[in-house]
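Peer 1: One structure coming up, written as structure tokens, with questions to follow.
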């Protein structure tokens, strides 16, 4: 069957039984202005936009956050609240409950931070907190590492999608452990995996989509770019290109060269010299 780019439109991105038209999720913090954020969302048309209930100094905070929230609602993009800044299970649960009431959604991006320097998730307590939130009716998307055992444990407690990092939050380094990330994808073929944290360039996003990851979540890479709106658009294009490449079935890597032009049809003297060199 001939593959056409338009077939990506028939390749739904499904989370907890809901289909989304984009495989890009976009954070809403650290933009130069509310207008820039709004334009970036319009340029990238993400599946969801993430919002931290506990954020400090967020755009619109000077107006009590009301103007900011009204702007987000006007964008007509589903909101994914997160528990950024939470270091204990109780903080996460309290924040999630408040977010569900404020944003009127059962979706929650679970962030339980274990170290305030690396912002690495608390992998020991993360599964238990995820299980508690799921029992409370939340659709949990847990921020985690690429550790396969941890990811399996999160699935065991009821998570239907995972958000492993590529690198520590805000570093922009891309996938620092590509082997582990590719193994994770291979070992969990039926689990939606969204790369969260560490991506800095559109090429980073395209790469993980080429590996078979289902989506990416971005914030700093867009918000702190010299031209955030252009970067948002570039990431959206990279995500689509990466997914299209994955579906197209990339050629396997080889250790040795292999001529792309066949010997058949070449002048006989060239074919003879080629055979002699072989």
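Just so it is clear, glycine is given a Cβ too, placed from its N, Cα and C backbone atoms.
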Peer 1: For the 1-deoxy-D-xylulose 5-phosphate site that Swiss-Prot assigns to 197, 198, 219, 220, which of 158, 170, 249 is also named?
Peer 2: 170
Peer 1: If you measure every Cα to Cα distance among 170, 197, 198, 219, 220, the residues said to bind 1-deoxy-D-xylulose 5-phosphate, what is the biggest one in Å?
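Peer 2: So the maximum pairwise Cα distance among the 1-deoxy-D-xylulose 5-phosphate binders is 10 Å.
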Peer 1: Rounded to a whole number, how many Å is the Cα of residue 170 (1-deoxy-D-xylulose 5-phosphate binding site) away from the Cα of residue 109 (active site, schiff-base intermediate with DXP)?
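Peer 2: Distance (Cα to Cα, whole Å): 17 Å.
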